[in-house]
Amino acid sequence: MIQNKIQLVVFLGILSKASCDLDRIVLIGEPKTWTEAQSYCREKYTDLAMVQSDEDRAKLKEAANTVNFQSVAWIGFYRDTWRWSYQNTPISYVKWDLSQPDIPDTNEACGVVNKKGLWSDRNCTVQDYFFCQTDTQDTLQDKFLQVELSMNWHDAQIHCRTQYADLAAITDDTENTFLTNILSVKGQNDAWFGLYKIPLLWSDNSSVSLSSVKWGSGQPDNVNGNEDCVKISTEGLMADDSCSTPLPFYCRENTACEIHSQIRRRSGRICSDGGHREEDEGDPLGSGHGNHIQHKMERPT
Ligand SMILES: [Ca+2]
Ligand SMILES: [Ca+2]
């Protein structure tokens, strides 16, 4: 009896270690919008497929060849929207300056407000003064303040989160004018505030190494600013397209790793090979946004 138990534990141990290396790609032929495809994959498999290596591209090609598929299909790759650092919410009110934002869609960008009250995107590493906000909603004087320390956007974010609530989110004309007036009075041109964009993410919100993916010729071109989801050819070349376009799609299946995770949860052991995909794999900004898992579920097409 004891020997049987030992054998079982050894068997599970081998299974959990070996199986976490398995990651299958499955082609679903029925066309769906990107969001529908994401829901389907999460329900039936693990998530939409990630394709970021020659090995992944080979698996994808094999999945397509199995059913003689030669067209394009969705993978789990999408362009994120502009967000507020504060509570990680998508923006609804905007005051972009002429020809802004203009940083390429594949690059991270951070938001700056100028003394005319107009917004621009800018490389996040530039040093500038910045606006923080508190959680107080009573008066604008209580809510917003400017910090006259030159920092890059990420350091400014840490400063605001440590000392106050976060970098300032501007949600209407009154707030925009209030902050603009501070710049005017002080004779400053501009300052960081809490606007940022992570350009491209995998469906599970892990960040993308752009050198690991292959784009088709002229892609991504974001036609009409409306191509926030990514499809792939059987050769592994990617293109952005409108998320509402119904297309076949590739799911990834990590069944064995889920068994591993169950074992891990029961035993309280750590998954040493990092193969499981059930949990939030981290905030690409390194800023601890608790809502990342939430927003991917709610993402509109
Ligand atoms: Ca810009
Ligand atoms: Ca395109």
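A Cβ is built for glycine as well, from the same backbone N, Cα and C atoms used for every other residue.
Per TrEMBL, the feature domain 'C-type lectin' maps to 30-133 (among others).
Per-residue pLDDT, averaged across the domain 'C-type lectin' (151-252), gives 94. Taken from TrEMBL, the feature domain 'C-type lectin' covers 151-252 (among others).
Residues annotated as region 'Disordered' in TrEMBL: 269-301.
Here TrEMBL flags 1-20 as signal peptide.
Each residue of the domain 'C-type lectin' (30-133) gets a DSSP state, and the totals for helix, strand and coil are 27 helix, 32 strand, 45 coil.
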